[in-house]
Amino acid sequence: MNSPLPDITATDEWSALKDNAKSIESTTLRDLFANDQDRAKNLSFSVADLHVDLSKNLINDDTLTALIALAKKADLEDHREAMFSGRHINSTEDRAVLHTALRLPAEESLHVDEQNVAADVHDVLARMRDFAHALRSGEWLGVTGHTIKTVVNIGIGGSDLGPAMTTQALRSFATAGISGRFVSNVDPADFTSKVADLDPAETLFVVASKTFTTQETLANAHAARRWFLDSLHLEDGTDEANDAIAKHFVAVSTNAEKVSEFGIDTNNMFGFWDWVGGRYSVDSAIGLSLMAVVGPQNFMSFLEGFHAVDEHFRNTPLEKNVPVLMGLLGVWYDDFLGAQSHAVLPYSQDLARFPAYLQQLTMESNGKSVRIDGTPVTAPTGEIYWGEPGTNGQHAFFQLLHQGTQLVPADFIGFATPNDDLPTADGTGSMHDLLMSNFFAQTKVLAFGKTADEITAEGVDPSIVPHKVMPGNRPTTTILAPALTPSVLGQLIALYEHIVFTEGTIWSINSFDQWGVELGKKQAGELLPAVTGEKGVDTGDASTDSLISWYRENRK
């Protein structure tokens with residue numbers, strides 16, 4: 001029997017951070033900046049096109065030194081190399097973790113389990129490019145001879161969130177007249193609302209399911225099949241219907257038998273691999289709908305952005321390694337300063353779905369309570385990720401960030417040049433500049449606040465002064481980029497992927513399985529006969545029995 005893992009919380013490095021936390025709690029960001037004129041310069045970093053300012057975080061030099069020491073104690077560098085080299089670090093499923101291989105340049109090779117996975121990746125990319133070119137050029141025609149104008153991606157989880165988020169984020173790069181829509185929820189309203197105004201003759205469905213057995217995805221895929229055939233007055237099972245299905249449905253899957261049974265030509269099936277987790281798969285064939293909308297060249301630029309951050313993460317010393325530092329800050333706030341959530345605030349409407357995407361990436365990865373050896377964790381793990389685009393969030397939940405009792409570290413993401421801009425009301429200014437003035441103001445006020453003396457000096461009624469005090473000392477990280485391009489989007493996603501890896505390594509958890517998700521799916525299948533009335537209500541607990549009985553009595 002293997003000996004249990006060392007307990008990171010019992011180390012001198014952990015103790016040093018506990019001591020440092022006491023020191024940090026007795027200081028302020030105002031003091032930290034006043035005592036170090038070079039703080040902003042020393043705590044600003046570059047990774048590819050991203051400018052990352054960590055200076056408004058609740059840290060001092062001793063904090064960073066202790067966090068780096070903790071990373072080394074946890075063998076972060078060795079674990080990082082194990083991932084990049086293809087070792088089976090997903091221990092519960094005995095799999096390599098190689099999303100980084102999805103964006104390797106064509107001239108590189110990576111042999112894992114006696115297979116050149118880089119060559120396999122580029123074989124699939126070549127087929128994806130051919131498919132996207134055919135759609136975008138009008139070479140691919142539907143059953144009535146019309147070109148395809150809408151690609152509807154049917155998937156769930158990583159097979160939906162990634163393509164949906166990135167297609168919205170890169171809408172400015174959709175130039176071929178093809179739009180993307182995304183269906184994920186098994187709630188029928190999701191499918192019916194997404195296809196209500198579509199012409200089936202000009203619609204193509206991408207069914208994304210690795211096993212082609214995912215309950216929600218297959219339910220929506222069959223709904224799409226019925227809608228498509230009924231709309232074109234085709235009888236299912238006829239040669240004419242089968243020909244139509246083959247021209248309007250493609251699959252992202254590895255189960256050729258199931259794909260063929262559905263009626264999809266397996267020549268139009270795009271595969272991926274067990275070493276790609278769903279939440280890390282947007283740059284695999286799961287991104288087929290994105291490539292169709294923005295084009296192969298932009299998709300390859302997207303991959304190049306990922307790879308640039310991969311190289312930074314793999315090769316940069318820990319002290320200047322941006323995803324490492326941001327991951328260590330996550331551990332710092334979670335385990336030493338008592339934060340339980342993390343806000344992501346993109347000042348870009350195009351990134352409206354980015355916080356939701358990060359919810360799956362971070363919470364499905366690091367929402368674990370046992371370590372890789374099966375023993376309980378000894379410190380809090382994971383953070384609740386949430387957020388909305390600015391300035392919407394300012395008028396919704398920023399009040400809590402500024403004056404509430406919760407410590408909520410926040411990442412602000414902004415861009416120097418917008419993909420869209422309009423003049424201000426007087427016609428002399430830029431709405432993007434107005435947006436970014438709010439961006440900079442929020443990080444400033446969160447950090448430095450406003451004291452009672454400063455408010456009193458403005459002549460405010462003394463009884464109101466306490467209500468207007470802004471305590472400040474609310475930590476933020478600022479991420480700026482020249483513009484939201486395919487490459488920059490890839491860089492942002494890779495940045496957070498490696499933040500997740502860093503945190504998971506410190507906590508000694510497996511960031512690449514999701515057994516909590518699996519059990520829920522299994523239970524749903526077992527309960528379905530009781531829900532539909534095919535069998536009696538006897539689920540094993542009185543609450544669930546009562547709820548299903550109420551549902552059946554009120555179901556119309």
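Here the Cβ of each residue, glycine as well, is placed from N, Cα and C on the backbone.
Taking all protein chains in view, 22 other C-beta atoms sit within 10 angstroms of the C-beta of Glu364 (active site, proton donor). Annotation note: Glu364 (active site, proton donor) sits in a helical segment as assigned by DSSP. Here Swiss-Prot flags Glu364 as active site, proton donor, drawing on sequence analysis.
Positions annotated as active site by Swiss-Prot, on the basis of sequence analysis: His395 (among others). In sequence order, the list of same-chain residues 6 or more apart from His395 (active site) whose Cβ falls under 8 Å from its Cβ is empty.
The feature active site is assigned by Swiss-Prot to Lys521 (among others), with sequence analysis given as support. Under the DSSP three-state reduction, Lys521 (active site) is assigned to helix. Note: Lys521 (active site) has non-local neighbours Gln215, i.e. same-chain residues 6+ apart with C-beta under 8 A of its own C-beta.
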Coarse DSSP state, helix versus strand versus coil, of His395 (active site): helix
